[in-house]
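So the structure is just underneath, and the comments pick up after that.
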Amino acid sequence: LLPQAPSAMSAGEDAAWLRWVAKQFESIAGEDRQIHLEEFKAALKVKESFFAERLFALFDSDGSGTISLEELLSALSLLVHGSETDKLRFLFQVYDVDGEVGWGGSGVALSARRVPAGSGAIDPAELRLVLRACLRESAVSLPPPRLDDLARALFEAADKDGSGSITFEELRAELEAFPGVMENLSISAVSWLKPPPPPERSRRPRYLTVAYWHNHGSQLAFLGGYTSLNLLLFTLAALRHAGLGGWVAVARGCGQCLNFNCAFIAVLMLRRCLSWLRATPVAQVLPLDHSVGLHQLVGYVVLALGAVHTGAHVANFSRLARQDGHRALTEFLLTARPGGGGLGGTASQTGLALQGLLAAMLAFSSPCVRRGGHFEVFYWSHLSYVSVWALLLLHAPNFWKWFVVPGGLFMLEKAVGLVVSRAVGLRIVEVNLLPSKVTHLVVQRPRSFRFRPGDYVYLNVPAIAAYEWHPFTISSAPEQQGTIWLHVRARGQWTSRLHEYCRHPEVLQPRGNLQRARWWRWAKVSMGPGESHRLCSIKCYIDGPYGTPTRRIFTSEHAVLIGAGIGITPFASILQSIMYRYRLRKQSQDYKQCESLRGEDMTLRKVDFIWINRDQKHFEWFVSLLAKLELEQAEQEPGGEFLELHLYLTAALGKSDVRAVGLQLALDLLAAKEHKDSITGLRARTQPGRPDWSKARAGSGRPLRAGHQKKGKVQVFFCGSPALAKVIRAHCERFGFRFFKENF
């Protein structure tokens, strides 16, 4: 934002701000201590040169073609300390282009060496020109007729006297109809002039708040019990062997903890059992939603315990070698000997092999490997858990007692999964290639396949890789018969190869036996800009379904669903199922007259869906589905608010920005006139920028406000980037909402 200080700054604060602006000026000005147009553009980092040149011309008050420090300070002081009228006049001068504009090959060009005096009025051609630049600055693409509609809507609303032009007073009157716009008018591109924020006041750590324990209670209790059990096992084993020396006691203590952890990690891999437990009261006590995170934690604990266990034994062997005098340390480590522990005295050798395997698994499990396009390396290295367990049975004589139950369940799950997934060969019957390298797969649904909204499956496509299975959320509703949908975004090697295979099936032939060619055939149906639709028949297998935290949605009273980008995938299934059940409930009973109704399958009374996308084309993934849901609600309950959609386009500039205020006002006016959004075609208006989570309690249209608690306790469900999850989790704790993150 423009360096907006309070209008009543003290003399000291004003002097500090002026020194900051002078410092920033020196960082971009040339040797002549003047800011030239290209330097100004580079500092603003704007997408459209039109606004850079308009702002430069307004700052260059003497028309010299450069901006001096005095000119910069004069203009900024007016904008910061000036009245609403001063800011509005600045906006009017930006829009009052007149004859200063010429058309270039790639867009709009403006002679910035003259101060645009303007005619004192904005005509339709000027308004259309500025709106076109606003669209480019906000990364919004609309066809020319739609741009004409926007310009016409804004012009008709602002031209109060019908004179064919908009005067300054008419623009002021129009902006006054939109509260907050004039007060917050800014130039967000001039971020290099923003002083550093003051340090935040110290406050109570979030982990000491009631809301934090409300969201993390079961997880923290589980971690406390897990830590206590490990300490107890270590202490008991160390005390039993204390007479053999300190190093032996440490090694035995770690060894006993390793027996437990290497068996317990198998429990956290029982996906079918954990999915079944989600439907039981146990889910309220155990942190089943964090099974993946706990699996990673236990893996780190195993590696750390293994390192200490190995180090303690090496230290003990070193002591024995010095006492013996005839045998070297390497003989203790590399030679099997009677009484050396393990099967046939091979404890030292199997222990070193185990340590090497665990280190390799940890190294290849790092995020830079898994998310850096090398998922296959992680996948195949992780399969060495079979070797780890086999070596543990040879290394530790008592490990089998710990492993027999979880290991038996694990092998049973694997056997059932193998039989179920391979029993019926399925086919991908349709492929849709969507923007941003998203592949929409339509897969045959087995007759006995039962799943819940938000569940996921593991997919295997032999034509891509015969032995690789990858997890994807089911994006179709359980009520949809015959097929299931999967949306796959190309990020790693396997998903990228799948996308290319669907784009060019004639180029990427299936790997392996040529007989696999019968597994696929293609029929091109249609091609459109940025997408294609094909009928096909590709052999595939699925393993699942497996549950996720989103299963809790249907037992909520007020659910807030937040998806970022492709994170909408689980909510696509959930929203369809919600509206299906809502329709049945409306048909069976008048929900408006019995608002406290609790259905057997759904207790929901309110659903807010928030979808955050970086650019416009990402909305094309599910906009047709959202339009269908809006239509269903309008048919069932005209004017109903059971389901509210909140869409955000982060690349777009907000109403308070000089470069976008005209566009956003035009979009609001046209949406009110046509009852649909110009960007998505939905009834819900697409909001520019990011949601302001810090103000989520106040104001109309805020999905996380306290006033919505009249619909019941709020529970927030999120699917998207980990960085955004941390932000939303913190605000949920601040407001006292339960937070669940999709994670598998």
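Cβ atoms are placed via backbone N, Cα and C, with glycine included.
If you look up TrEMBL, you'll see 47-82, 146-181 marked as domain 'EF-hand'. What TrEMBL lists as domain 'FAD-binding FR-type' is 421-552. Residues or ranges marked as region 'Disordered' by TrEMBL: 683-708.
For the domain 'EF-hand' (47-82), the predicted model reports an average pLDDT of 78. Helix, strand and coil counts under DSSP for the domain 'EF-hand' (47-82) come to 24 helix, 1 strand, 11 coil.
Across the domain 'EF-hand' (146-181), DSSP assigns 22 helix, 2 strand, 12 coil.
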